[in-house]
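Asks: Right, I'll just put the structure down here and ask away after.
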């Protein structure tokens with residue numbers, strides 16, 4: 001009886017820390033999801049997408065959809081916080097894309113519509129293949145590898161920004177709060193993945209945490225007292 005009580009207490013504490021890490025990751029991710037809002041306010045006011053690129057939001061939508069699918073109970077039971085964060089992210093990215101399409105010139109509009117349809121087709125293919133061709137646990141492995149590849153491809157942007165900061169010795173295009181949110185989100189989901197013993201979560205987020213830490217170190221190294229980051233580079237370049 002005593003052993004059972006101790007075991008139950010440890011399990012309860014373990015679950016609390018696991019859920020706390022997942023919730024923290026969701027909150028930090030929300031900061032990243034809302035960060036493009038000033039850009040889209042500008043687009044709506046000017047009724048033009050100007051020189052902004054819609055590609056980052058296409059990539060982000062595909063990433064959120066794949067990771068959302070990985071977090072569904074039918075694929076990976078017990079990691080619902082991966083599902084929630086990517087569901088919210090997918091809604092934000094889709095909203096940004098639709099606004100971009102509304103205000104883009106005809107050529108960009110058609111290109112973005114084509115890419116959006118391509119994302120939905122790719123996501124439908126992933127769902128169909130994972131359901132029809134794989135059975136648990138191979139289904140989770142298949143979607144897990146896709147989610148890891150998708151997340152790693154998203155690291156291209158931080159790597160590009162890190163390279164730019166080193167070359168220019170300026171943090172103009174690397175806002176501190178975005179770097180901090182990226183680091184904290186990756187660290188939180190790394191811990192969540194470790195608690196859940198899920199390598200498909202902790203490996204890519206471990207890499208993301210390292211890149212986030214490098215960005216913070218670079219910010220400390222190259223920031224100047226009178227220099228304020230003007231905007232995230234992601235908003236105008238892709």
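Keep in mind that glycine also has a Cβ here, set from the backbone N, Cα and C atoms.
TrEMBL annotations: computationally assigned, not manually curated.
Pulled the feature table from TrEMBL, pasting it below:
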TRANSMEM  20-40  transmembrane segment
TRANSMEM  52-72  transmembrane segment
TRANSMEM  78-103  transmembrane segment
TRANSMEM  115-136  transmembrane segment
TRANSMEM  142-164  transmembrane segment
TRANSMEM  176-195  transmembrane segment
TRANSMEM  201-222  transmembrane segment
Asks: To the transmembrane segment (201-222), which of 20-40, 115-136, 176-195 is linked by the most Cβ pairs under 8 Å?
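Replies: The listed stretch sharing the most Cβ pairs with the transmembrane segment (201-222) is 176-195.
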Asks: Pairs of Cβ atoms less than 8 Å apart decide it: which stretch in 20-40, 52-72, 115-136, 142-164, 176-195 has the most with the transmembrane segment (78-103)?
Replies: 52-72
Asks: Determine which recorded stretch among 20-40, 52-72, 115-136 has the most C-beta pairs below 8 angstroms with the transmembrane segment (142-164).
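Replies: Comparing 20-40, 52-72, 115-136: 52-72 has the most Cβ pairs near the transmembrane segment (142-164).
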Asks: Which residues, given as numbers and ranges, are at least 6 beyond the ends of the transmembrane segment (52-72) yet have a Cβ under 8 Å from it?
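Replies: Result: 36, 39, 43, 79-87, 89-90, 93-94, 96-97, 100-101, 104, 108, 112, 115-116, 119, 122-123, 126-127, 130, 140, 143-144, 146-147, 150-151, 153-154, 157, 200, 234-238.
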